[in-house]
Amino acid sequence: MIKEILQIGNPILTTKTTKVTDINSVETKSLIKDLIDTCEKNADISAGLALPQIGVSKSICVCRRVDLEEKDPDKEIDKEELWEVLINPHLLNSSSDNSTEWEACLSIGVGKDNLWGPVERPKKITVEYTSPDGSQKQLKADGYFSHVVQHEIDHLNGILFVSYINNPANIWRLEDLNAYIESNESYPEIQ
């Protein structure tokens, strides 16, 4: 079921989630379906979603496999392969080299008022998590996909991406950012 996405200011978004212990329950399966349905409704602008964003303080997120889409842009990716479901994820390791990507969030502004900003994160990570079938898995991510995974795990820890941006001049409304990119054919210089 498609759910309403909470917006910044709601205390659930800045609260650390609780671990999921009932992985095979009907409720957990339903929550996962809600996350995926909500992501698919917002597929043109969504790279992931975490349960706190739909009002549930439990440790589950879904991440769009942008790495698979980038690898073979002409290949149609099956829905179950496109959305990686991470239950109780935690970072095992991260590279010492970082990358900066422009990020946004469905919980920080709507439409043309959606906020974007440059975020520096480890370029490569390994995450351990439980899959919906209950098995323990590891996921290696790098580049933009690494940012997606870290962004969603941050949601599970009550952290919003804007907390990484020290200079407010680096936070842009989508409408203004698109106009800048159209005029300059690049993202703004980071202040």
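Any Cβ shown, glycine's included, is placed from N, Cα and C.
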* **Of CYS39, CYS105, residue recorded by TrEMBL at the Fe cation site of HIS151, HIS155** => CYS105
* In whole Å, how far is CYS105 (Fe cation binding site) from GLU152 (active site) when you measure between their Cα atoms? -> 10
* Structure fact -> Cβ atoms other than its own within 10 Å of the Cβ of GLU152 (active site), all chains, total 25
* Structure fact -> Within 10 angstroms of the C-beta of CYS105 (Fe cation binding site), the count of other C-beta atoms across all shown chains comes to 27
